[in-house]
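Record features (TrEMBL):
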- 9-186: domain 'GTP cyclohydrolase I' (DOMAIN)
- CYS78, HIS81, CYS150: Zn(2+) binding site (BINDING)
Amino acid sequence: MNEKNKTKIKNAVTDIIQAIGDDPERASIQETPARVATAYEEIFSATGKKHFEDYKIFNVDENADMVVVQDIPFYSMCEHHLLPFFGTVNVAYIPQNGKIIGLSKIPRLVNFVARRPSVQENITVMIADELQRILNPKGVAVSISARHLCMEMRGINKSGLSTYTNKFSGVFSDDHELKNEFLQQTRQK
Ligand SMILES: Nc1nc2c(ncn2[C@@H]2O[C@H](COP(=O)(O)OP(=O)(O)OP(=O)(O)O)[C@@H](O)[C@H]2O)c(=O)[nH]1
Ligand SMILES: [Zn+2]
């Protein structure tokens, strides 16, 4: 993020502090607008970026049946209230022609997708679509369990609700046994 946009965030946060009835000059919050700008720079770092680029493809002789990376933590911000939603993601794919990706790149892909204002459904689909684009595997499965603070600390005010979303493509959408194997292995609480 460039300095001009960080300054915009700082000024906006100063206005918000004033509008909620606090004093931006109060000693302990004087640095808050700058802190929020730095935090937003990180939290929203992938805003507007369409494609994940930070990966290498490896070729192996034998195809694994199913590669699963489970319980990947994520944090995002809902695009309706700019409040956090967070939880865990499970990602599976079935390689094609021995094409695989470094395992660490899957949590990196999750971060890439999450670091923008979004909704849970879009994050779920975007992770699946990016993996499909990168590897052209036989199939991709993504499931997300998340808590939404906009439902917990305001509005409906219901604590502890979990929202579950799934996206299946390729063989995972055609083969019910495979889909169930994924869902059983990754069963989310
Ligand atoms: N489908 C979906 N909805 C979401 C997500 N995050 C937040 N929402 C919902 O987005 C909706 C926005 O609805 P609005 O009626 O425009 O906003 P609101 O008046 O603040 O709604 P309440 O939260 O019901 O008070 C709410 O129902 C939220 O619960 C998400 O990831 N997916
Ligand atoms: Zn919300």
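Each residue's number is its place along the chain shown, starting with 1.
The backbone N, Cα and C atoms fix where each Cβ goes, glycine too.
Locations of recorded TrEMBL features on the structure.
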residue	record	Cβ within 10 Å
CYS78	Zn(2+) binding site	18
HIS81	Zn(2+) binding site	16
CYS150	Zn(2+) binding site	16
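Excluding the listed site residues CYS78, HIS81, CYS150, the same chain places MET77, GLU79, HIS80, LEU82, LEU83, PHE85, HIS148, LEU149, MET151 with Cβ atoms within 8 Å of the centre of the Zn(2+) site Cβ atoms.
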